[in-house]
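Pulled from TrEMBL, these are the features on record:
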ACT_SITE  Cys371  active site, nucleophile
ACT_SITE  His812  active site, proton acceptor
BINDING   Cys231  Zn(2+) binding site
COILED    96-123  coiled coil
COMPBIAS  776-788  compositional bias 'Basic and acidic residues'
DOMAIN    205-320  domain 'UBP-type'
DOMAIN    362-858  domain 'USP'
DOMAIN    653-694  domain 'UBA'
DOMAIN    714-754  domain 'UBA'
REGION    764-788  region 'Disordered'
Amino acid sequence: QIKIKIKDIHWKRSFDSNSLLLRLQDTMEERLVSLSDFLVAPTIATKVWKDECCFSFLTPETAPEGLYLNLSTFQSFSKEFVPLDNQRTGNVLYLNVKWNREQDDDEQENKKAKIENDEKKIEKLGIGIEGGFSSLADEIGGKGKLIKEYGFVVFPEFDEVIPYPSNMISIPEKLVMVADAVIAMEDASTQIEVKAWDASEEPRPVSKFAENLEQLDNGIKISPHSSDWKCADSGMTENLWLNLSTGYIGSGRKNWDGSGGTGAALKHFEETGKKYPLCVKLGTITADGKAEVYSYDPTEDCMVEDPLLGKHLKHFGIDIFDMKKTEKTLLEMEIDLNKSLTFAEVLEGNEKLVECYGPGCVGLYNLGNSCYCNSVYQVLFSLSAFQRRFLYGVGEELKELQRNTFLTSPHEPQLDINTQFVKLAASLSDPFGHGLQRLGSEQILSVSPKMLKDSIGKGHIDFSRMEQQDAREYFQYVLDKISSMDHSNSPSKQDPGKWFSYLSEERLECKQSNHVLYKQAVSNVLMLKIPLEEQPKSEAKEQEKELATVSFQECLDASLGATAVAQIDDFLSPSTGQRGTAEQYSTMGTFPRYLAIQLKRYVVGDNWLPKKIECRVPVPREINLSSFRGHGIQSDETALPDAFEEPPAAAVTPDPALLTQLMSMGFHENGCKRALIAVNNADAETAMQWVLTHMGDADFADPIPTTQQASAPSANPESIVMLTSMGFSEDGAKLALEECGGDLERSADWLFSHSDQLEDLIKKSKDKSASGASGSKEEDVLKELNDDSTKQGKYTLRAFISHLGKNTSGGHYLCHVNNSPDLLDTSKDNWVIFNDRKVAKSKNPPFDHGLLYVFERDN
C-alpha cells in the first residue's frame, strides 16, 4: 500500500503518472460519500461539543494535532482518545478542528504593556475590572488573532487529513452541509463573558427620610467655597459631613489607622435626639446631583440615595450646579485602606509570591463568577478520600482505570458528574501526562472545568447560572450530588462525601419539670457563631479602627456545649402539659474524618438583610473538640416524652339550617356538608360557591369521615406573616419555624442560609410527612454514625476558603491548601494559594479571614 498525505498532493509532484493521483482521489471521494450517507446535520437543538476534548482539557488550540469531532455524536476528542471513542460508538469519520494563534512579534511592546499593567493605579474596589485589584477575568488562550483550520479524517488514518475546503478532493454535498453547520454553531458550553465584581456598583437604597425630610429654619447658610468649611467641634477641614436637617458640619469617624475625624457628625445626631439622620459629605457633591449621603438612623445605618439632594442643599444656600468634587468618597478611602487591609491580606498582596506549576498546582479558569466552584474543587481534591474515589494520581494502573471510566461513561459524558470529576482529577494530578502545556512564557498552567460545573449545576435554580453563589452551599450541594451518584449507580464505590457527615446532638431541658430530651441529626458542616458585639455603623465603619479580633475558642463556646445555651419561651412541656421555658444546646455526637467548619461571617441584620461581620478570627492549625462531645442521656436525668399531643380542635359540624337551604337547591347532602365544613358555616352564598367549584370532585358525594387525622402543631401565624413579608413562601416559613423551634430570628437566619435549597427541603418535608417515616437511607446513615466509636476530636487544618466582598452572592472566593503529605509533621507544611488560574506558594496564609475551613482528624 502507498501511504500519502492527501493534503500534500497539491504540492508533491514527484509522481511520474497523474493516474495514481486520480485513482487515490476517486477512492477517497467514494469513501467519503459512503460514510456521509448516514450523517444528519445538527439543528439549533443539537448540542455540539467542539471546543474541548470530552475526556481531557485539551482544546483545538492546545492539542498539537487539534481535536477530532465525531460527526455522528458531535463530541470532540484529542488524538489520544479517538480510538476509545471509536470503540464506544463505532464511528470512523471525524472533523479535525485546529486553531493557531498569530503571535505579536513586537517583544518591546509586550514588555512595555506588562510594565504598565504591573504599575497600574488601583482606582476601584473590585476584582476583574479596569482599575481594580488583580484581574481575575481570565481570557483562556494567548494574545493574537485566532486562525481556525478544518479537515476530515477517517479513523485510524490520522495522517490522511483532507483539508476543508479542499481544492483537490470533491467533498460530498451532504458532508459539506454537516461540516458547515458544525462550524457555524456555538459550542454547547460556550463560555459566557466573565462578569467582574465592582463594589462601587452595589446599589444603595433610597432613604425613607428623603421625601419628607425635616429641615430647620435656623438661618444657617453654607459657603460655596470649600476653604470656608470646618468641623464645628474640632475645627478640622477634611472629612466633613453636613447634616441636611440642621446645617451642622461635623467630621466623620476616626479610621483604624488614626486618620479620619473625631466623630462629631454622629455625635450631633445622637445629641439632637436621633431625629435628623441624613448627612452629606462635603467635597463629594457634583453638578450631576451625585454625592456621598449617609443615614445614621438605626433602621438604615448605611450609605443611601437622596433623590431630592439638590432641594435639600438649596435650603442651606448651596447651588448643586456650582459644586465640584474636592474630597475622596468613602469608596476611594476604602480602596486606600484595603491596599493594606483585608484584600491585601487575603491575596497576600504585600508578598512577592512564587508561582508554582505541575501536579497539585494546576489552576482553574474563572468561567464567569465561578470562583466559588473553583475553590470548592481545589479543597476537595486536597483530601485523600476524594483523590482515591476519582482516580487522582499517576501511574499506568490509574491511567487504565481512568480510561475504563471514560469507556463506560454515558452517551453524553460531558454532563456526567463521575466522568468529569475523573477528568479533572487526572489533569490536576498529572497535567503533563494528559497533554497540557503552558501556552507561552506568560501563561499559567490551568484548565477550565466548565463541563464539570455544568454537569453538577444542571437543573439547579442557582448553580446552573452564571451569578456568584455561596461557596459553603455549593460545597454541601456537591457532596450531596456525589453521595446520590454513588448510592444509586455504584453502591460498591466508596462515597467520599460520607467522611464529612457527623451526628450533632441537641439537648433540650424543660425548666418546669427538669426533664430532658436528646435528639440526633446528621450534618456535614459545623456552623460557628462569631460572638462580636454589635457596634454602631457609621459612614466609615470598615475604617474606624483596626479590625476587632475574636478568638476561635470564643466561637466554639458561643456555638457548642453548655456555654451556648438558647432559651425557648412559651415551650409546651410534654411532662406538665403547661407552657413555660426550656433551654437547649448542641454538642458533637461523633467526630467525622473530615470536619468542615464555617464561621458565620454573614448574618441577618436588624433590617432583615444579610450583613457581614468584619473581624479577625485566628483559626489555629490544630484544634481539639473532644470536650464538646455529647454523651446522650445520663443516669441521673429523666427523659422528656418525645411530643405532647394537644387536644384536637373541635370538628366543624354543618349548620342544620344552612344545610337544609343548600339541599333545597338540589345539591347532594354530603356535598353540602363538605361545603359548610370547608367555609366554616360562613353563609349559604359562600357555601354554594364552594359547591359550584367542587361538585366535579371525585369524592364530592362521598360520606364525611367520622374522624379526622390530627394535624401537626401549627406555627405562630404572626411569625408566618413576618417571614412571608420578607419574600419567603408560606410553606418555607412554616418549615423554618419548625426547624428552629418557633424562634423568629433563628428562622429568618435559617431561611437566608437555605434559600438555594428551600424548594427541595419543602418537598422532602412534605414527602416525609406523607410517608410518616424517614427513608431507610437516613436510618442507615444514623446507624453507621452511631457505630463510630471515635472519642477524640483532634484535628489539623488541611485547607480553607476565603471570601472578599460584602455578601456571598457577590465578591470573590479563593482558597489556601496545605499540600503536605503528612499534616502531623509541621516541618512539611506546604501552603499553596489557589486564586482561580493563579497558583503560588503561600508565605502568609490568611488564617484570620477564612470563611470555610476543612480539617482532617489526626487519628
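Glycine residues also receive a Cβ, built from the backbone N, Cα and C atoms like all the rest.
TrEMBL does not curate its annotations; it predicts them automatically.
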His812 (active site, proton acceptor) and the residue listed as 'active site, nucleophile', Cα-Cα, nearest whole angstrom: 7
Tally of residues which DSSP labels helix, strand or coil - the domain 'UBA' (714-754): 28 helix, 0 strand, 13 coil
The domain 'UBP-type' (205-320), counted residue by residue under DSSP: helix, strand, coil: 18 helix, 21 strand, 77 coil
Conformational class of His812 (active site, proton acceptor) under the three-state DSSP mapping: strand
